[in-house]
Amino acid sequence: MTTIDHGAISAPVAAVQYRTCPFTGRRIERSAELLIRVNAVAAVLFLALGGLFGLLVALTRWPAVQLLPADWFYLVLTGHGANVLLFWIIFFEIAVLYFASAVVLGSRLAAPKWAWLGFVLMVVGAVMANYAVLHGDSTVMFTSYPPMMAEHWFYLSLIVFAVGALIGVFVFFGTLVVAKNENTYNGSVPLVTFGAITAAIIAVFTLAAGAIILIPTWLWSLGFISGIDTLMYKLVWWGMGHSSQQINVSAHVSIWYAIAAMVVGAKPLSEKVSRFAFLMYILFLQLASAHHLLAEPGLSSTWKIVNTSYMMYLAVMGSMIHGLTVPGAIEAAQRRNGYTRGMFEWLTKAPWGNPAFSGMFMSLVMFGFLGGITGVILGTEQLNVLMHNTIYVPGHFHGTVVAGTTLAFMAMTFLVVPLIFQRDIVLPTLAKWQPYLFGLGAGGISLFMMGAGTLGVPRRHWDLAMTDAGIPYEFAPGAYLMMGLNGMSAILAATGGLLFIVLVVASIFWGPKLDKPGAKLRFPLHDDGAKAVSEYGSEGTFKLPGTIMLVTIFFVSFVLYYFINWKYLSDLWLFN
Amino acid sequence: MALNPPSNRLWWKEPIHGIELAWIIIAFLWGLFMFFFMIAWHFIGDQNLSTETYRLQPEAFVEKVEAFAEEYQLMDENGEPVEIDGVPVISPPAGGDVYMLGRLWEWWPILELKKDQSYRFHLSSADWQHGFSLQPVNINLSVHPGLEHVLTLTPTETGDYGIVCNEYCGIGHHNMSGLIRVIE
């Protein structure tokens, strides 16, 4: 922890207050801290609401339970998507952006009043969206494909929310400028900030795409526009819908690096490679709108192939690079910490009792295996037809967004509470178990939904038995089994989620105060003061056998699963 | 640390670890392979989604489907039209045009196709977006109102195949179903 404390403090704003973090030595500005807190709290509240909706959805799709009636099921499913995919994630991401700029760079937050305005708009938008959904006339699913129309409130709420988020993103960019001008750091920005910049750039693209499609759709719902082209809507809407998931990827990869740094003292193996991988995200990730249009009429194969592959899989390459450099940096650090025996002592002796580390590492593994590989399969032009709009699709994105992003954000929260709220985590034994409970549940949700999807189970569907259908199709018994297992996994994940919310809220209000001198953290940070810090992550560590084994297993799984799906495809009826 | 500026200001001059370099090359080549394999499947594979699409008014498509159903209605030995649950069964000539209409909330009509015969399959919606999901084959296509998607479809097995809807289309979405019967 060097180099950040000697910046010029000739701040132009009069009332800028800083404190020095006793655990990291970082200079933290008051308004940045406050805004991180409120955004994080809002995020957790919407996670609670969206998570509850998610549990209700899963229990309804469990054929033996079928909890909700059909109209409530579709209503709650719409609310589930909006609350977790938009509100939980983006509130947390705004907190991450403020953290990665103001806190990591030791700077003040640019324009805190604008940041508050953005926050208020986001809260208003999110509350309004929930009102519109719960009111009952906006059961159009999160995707709201026309010509199905929601109440105009619904579209307006998303626009208001997006404007608020956009203000937050620009406050982040402004803070980078402030930090540069006020010389709060030396040389290049840290890797975590670089990753956050990636997320913010993609966020601008995403929010712009959202505005381009939602504003006309809102006008259409008010009657000013006669119709919205269904194909154009999907193309532009997914410019927001899928690209916003790439904000998550950039944000949670940054968090992987951040947690690895704080908890085991990991340094990137080489700055160059990790930054290059983030750069691939900026250049190519926003092509992913095409992933949702592969089974669509009216688009050429050339367009589909180029876009769906992120221009020859260069963005996938970015993720595969992080998939090596994150565990590689951890292995190198752990070997420097003295865990050098065998292939995996560095991993077995890792701080698995620290929820920040265990959550982060499970997020890394499950994002790669469950979310990543299946995403590439789904995004292959011809293979998409095998599972388009089946429940395989939510299976995939629960692997990325729940087991990947949400688990990483939860892990990060176990560091944010002590460092930013200055309150220690209550009930540490339960906190230790939280990531395993949630991670196992989320992994199960992802896996079993994908299993059901390969058996043809449709997504967003109330009745697998199709009891009231004219000519009901009888799904295989395996499909019922998978949906039951999915329901059980959801209970597990919901228990982990509830535990998370209880732990966070209780810690914030009643956790032991950490602002006294000599206070100690229950889940300690890595003590890198005692050790000679090497210049870059791979220096002095010539061999990373554990990481090589991990990526080899990953690559073999990837290749096998890829060709298995081509085999399935070749058995279908012929069509061209 | 990833939370501090690189300790070496000239970080871009640091060497890249051999493992990183090898992995980048592997990932890049695998990406190229996957990219070109999609193109190759257009030449070596028998499952490539047609891009032949026409814009038309949804009502015009409904009229076409109704005319098609009237022309090729299957009759039983008594000369009565064959229906299942009130939905007519249509038996079009092999190699000809067949139509499938998605509407709230059914796939209409029921088709009787012959195994290993190719059909020009016209697919569209009368109202909202629907998801054509043929089971248990697991062929899944998006269906838009106003866009007539034409593909050449060749059933390879006999039997009764269900069609469900996998694009949310309102409160009756889970009751939307259809049938394709494939005979020798």
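Every residue number used here counts from 1 along the chain in the order it is shown.
Glycine is no exception: its Cβ is also placed from the backbone N, Cα and C atoms.
If you look up TrEMBL, you'll see A:34-60 (among others) marked as transmembrane segment.
Residues or ranges marked as domain 'Cytochrome oxidase subunit I profile' by TrEMBL: A:41-511.
For A:72-105 (among others), the entry in TrEMBL reads transmembrane segment. For the transmembrane segment (A:72-105), the residues of the chain that approach it from at least six positions outside its boundaries are 4, 26, 28-29, 32-33, 35-36, 39-40, 42-44, 46-47, 49-51, 53-54, 56-57, 60, 115, 118-119, 122, 126, 129-130, 133-134, 136, 138-143, 158, 161, 165, 168-169, 171-172, 175-176, 179, 184-185, 189-190, 192-193, 195-196, 199-200, 203, 244, 247-248, 251, 254-255, 258, 401, 405-406, 409, 412, 416, 420, 460, 462, judged by C-beta separation under 8 angstroms.
For A:114-133 (among others), the entry in TrEMBL reads transmembrane segment. Remote same-chain partners of the transmembrane segment (A:114-133), defined as residues 6 or more beyond its termini with a Cβ less than 8 Å from a stretch Cβ, comprise 31, 35, 38-39, 42, 46, 49, 75, 78-79, 82-83, 86-87, 90-91, 94, 98, 139, 150-151, 153-154, 156-168, 170-171.
Taken from TrEMBL, the feature transmembrane segment applies to A:153-179 (among others).
Residues or ranges marked as transmembrane segment by TrEMBL: A:191-215 (among others).
Same-chain residues lying 6 or more positions outside the transmembrane segment (A:247-264) and placing a CB less than 8 Å from one of its CB atoms are 24, 89-90, 93, 96, 100, 191-192, 194-196, 198-199, 202-203, 206, 274, 278, 281, 285, 319, 322, 326, 329-330, 333-334, 337, 350-351, 354, 356-357, 360, 363-364, 367, 400-401, 404-405, 408-409, 411-412, 415, 525-526. Among the features that TrEMBL reports, transmembrane segment is placed at A:247-264 (among others).
Taken from TrEMBL, the feature transmembrane segment covers A:276-295 (among others).
Only residues 6 or more beyond the boundaries of the transmembrane segment (A:354-377), in the same chain, are considered here, and those with a CB under 8 A from a CB of the stretch are 252, 255-256, 259-260, 262-264, 291, 313, 316, 319, 323, 326-327, 330, 383, 392, 395-397, 399-401, 403-405, 407-408, 410-412, 414-415, 425, 431-432, 434-436, 438-439, 442-443, 446-447, 450, 523, 554, 557-558, 561-562, 565. Sequence annotations record features per position, and here TrEMBL assigns transmembrane segment to A:354-377 (among others).
If you look up TrEMBL, you'll see A:397-421 (among others) marked as transmembrane segment.
The transmembrane segment feature in TrEMBL is assigned to A:433-457 (among others).
Taken from TrEMBL, the feature transmembrane segment applies to A:490-510 (among others). Long-range neighbours of the transmembrane segment (A:490-510) within the same chain, counting only residues 6 or more positions beyond its ends whose Cβ lies under 8 Å from a Cβ of the stretch, are 41, 44, 47-48, 51-52, 54-55, 58-59, 402, 410, 413, 417, 421, 423-427, 430-431, 433-442, 444-445.
Per TrEMBL, transmembrane segment is recorded for A:544-564 (among others).
Through the fold, the transmembrane segment (A:397-421) approaches residues 21, 23-24, 28, 33, 36-37, 40, 43-44, 47, 84-85, 88-89, 92, 95-96, 99, 103, 245, 248-249, 251-252, 255-256, 258-259, 262-263, 354-360, 362-363, 366-367, 369-372, 374-375, 431, 434-435, 438-439, 442-443, 445-447, 449-450, 493, 500, 504, 507-508, 511, 514, 521-523, 525 of its own chain, all at least 6 residues removed from its boundaries and within a Cβ separation under 8 Å. Confidence for the domain 'Cytochrome oxidase subunit I profile' (A:41-511), expressed as mean pLDDT, is 95. Pairs of Cβ atoms less than 8 Å apart link the transmembrane segment (A:276-295) most often to A:191-215, out of A:34-60, A:191-215, A:433-457, A:544-564.
Sequence-distant neighbours of the transmembrane segment (A:544-564) (same chain, 6+ residues past either end, Cβ-Cβ under 8 Å): 323-324, 327-328, 331-332, 343-344, 346-347, 368-369, 373-374, 376-377, 380, 538.
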